[in-house]
Amino acid sequence: MIPHRYNEETSLLLQQEQLIAAKTPLPWDQFWIILVLHFSQSLVFKTLSPFIPQLIKDIGVTNGDEQQVGYFISFLDLSYYVPQTLVVLYWSRLSDRIGRKPVILTASFAIATTMISFGLSRTFRGLLVSRVICGAFNGESGVIKSMMMDITDATNLPRAYGYVPLPSMLAAIIGPLVGGSLSQPADRFPGIFGQSEFLKTYPYLLACAVPALCSAILWLVMYFRLKESALTKAPFLEMMKQWLSQRSYLKRSALSRDTLIGSLEANTEEVSSKSLSAILTPKVLTVAASSGTLTLFLVAINKLVPLFYATPIEFGGVSLDPPRIGVIFATAGFASGIFQFLFYARLHDRLGAHVIYMTGLGSSIPIILLFPVINALARAHGMSFATWLAIGFQHVLIIILDMCAPCIALFTRAAAPNRASIGATNGVVQFVSGAARIIAPVCAASFSYSMQEGRDAWLAFYFYMGLAFLAIGTSLALPRDPSLWEERD
């Protein structure tokens, strides 16, 4: 038995070495467009964030009560994320039928037009309508990941995800500069824009026009250069012609509603992948649960960290001012992107997706425990070297935790029933993650609740421990290697 086991392990190691040696090169003729899509999508949020608080104040919706600004900002965020979560599965499944390109073009058009309408809005209702429409028609988040899975394979997908943080980093640098400097341009640059009554009436239009212009240019580039990557059997125009001809025929023959539904389902089955019930396999549900709990914890932690930094030391935080908090996050974001770019693919080749994923989830426990440790150090020694060292170590652990996200993409690809249903599978995973992203900000309120007089200061950390163990628990059903699922299929 021992020699047999040795042969199996040796064979597995040889297979892994052969897989590493036979890596497929990245298809850069299409991959660079996907990276620019990531940049364009991130640029919107990074551009809006610097001036949104002042915009809320200027439109007068708070009636001068600045304590209500945060409430309206959260409501504005939800007006985008809720409709996007509700339709992400629809857009993902539609991309399996008509292709990725039409969905991506629709999303870029929606971003460009709604950013202009956002800059032209002078009421809170106008801002809400712009963000709701953008969220409802923006199917990029799920379809971009499906495109990456289409044009890559198991050998080069980890390397592809190593590049993904770079456009997000670039957007994190350019976006705040654009949003901060080009908002209210008549006041900031009176020599150039001071005579423009139009920009005085719409002081945030110029800042919104930059990401809109970026999306418009990208739309043209994709229209001429982007190749269809989905295994679709019927082009979009042909499907519309078939649907219209069916509708005309059914009107003439006065068929019943049941016959119409059956005819459409037959047509859909012919040109599409599997039905939704066939896609919700145990594998897909396992990945969706893991992705949802991971997203819940990641977003909750990202909301907690700045709140913890800004909270006074006597209430459980470290009393940092906004400039210092900004420097910490800028440095951490840069370090995370560079680390993932340089090391993720190498670590994946050495350790595999499952080991990286479990290591990342394991780092969540010390991340939580460091919050009270940092506060205790700040109480005893102020912002000393030891306190800053603890903060730095916590962000190193967060960088390790961030590497769980590309691992989920590998498990999602492996869980798909077939290549034709990658979009729908990714849509299911994105839908669960989107719901978690909506719920997660509420989790940060547990910190404020625990800081109230008479409450146990550890209540928030107990709660976050529960979230961490929930994420670890749902990950136990994942295979030790995503390729095992693909081999069984």
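Every residue, even glycine, has its Cβ placed from backbone N, Cα and C.
Whatever TrEMBL says is automated annotation, not expert-curated.
The domain 'Major facilitator superfamily (MFS) profile' annotation in TrEMBL covers 30-483.
Positions annotated as transmembrane segment by TrEMBL: 69-91 (among others). Sequence-distant neighbours of the transmembrane segment (69-91) (same chain, 6+ residues past either end, Cβ-Cβ under 8 Å): 52-53, 56-57, 61-62, 103, 107, 124, 127-128, 131-132, 134-136, 138-139, 141-143, 424, 427-428, 430-431, 434-435, 437-438, 441.
Away from its own ends, the transmembrane segment (103-121) comes close to residues 37, 40-41, 44, 48, 91, 94-95, 127, 129-131, 133-134, 137-140, 143-144, 147, 202, 204-209, 211-213, 215-216, 218-219, 222-223, 226 of its chain (Cβ-Cβ under 8 Å, at least six residues beyond either end). If you look up TrEMBL, you'll see 103-121 (among others) marked as transmembrane segment.
Residues or ranges marked as transmembrane segment in TrEMBL: 160-182 (among others).
Taken from TrEMBL, the feature transmembrane segment covers 202-224 (among others). If you look at the transmembrane segment (202-224), the same-chain residues 6 or more away from its ends with a CB under 8 A from one of its CBs are 33, 36-37, 39-40, 43-44, 47-48, 51, 55, 58, 101, 104-105, 108-109, 111-113, 115-116, 118-120, 122, 175, 178-179, 182-187, 193.
Long-range contacts of the transmembrane segment (284-305) within the same chain, counting only residues at least 6 positions beyond its ends with a Cβ under 8 Å from a Cβ of the stretch, are 361, 364, 367, 371, 398, 401-402, 404-405, 408, 411-412, 415-417, 425, 428-429, 431-433, 435-437, 439-441, 443-444, 447, 460, 464, 467-468, 470-471, 473-475, 477-478. Residues or ranges marked as transmembrane segment in TrEMBL: 284-305 (among others).
Taken from TrEMBL, the feature transmembrane segment covers 325-343 (among others).
Same-chain neighbours of the transmembrane segment (355-374): 294, 297, 301, 304, 308, 316, 318, 344, 347-348, 387, 390-391, 393-394, 397-398, 400-404, 407-408, 411, 457-458, 461, 464-465, 468, 471-472, 475, 478, counting only residues six or more beyond its ends whose CB sits under 8 Å from a CB of the stretch. Per TrEMBL, transmembrane segment is recorded for 355-374 (among others).
Tertiary neighbourhood of the transmembrane segment (386-411): same-chain residues 145, 148-149, 154, 157-158, 161-162, 164, 287, 290-291, 294, 298, 301, 305, 318, 328, 332, 335-336, 339-340, 344, 347, 353-354, 356-357, 359-361, 363-364, 366-367, 370-371, 373-374, 377-378, 429, 478-479, 482, 485, selected by CB-CB distance under 8 Å and a gap of 6+ residues from either end. What TrEMBL lists as transmembrane segment is 386-411 (among others).
According to TrEMBL, the feature transmembrane segment maps to 457-478 (among others).
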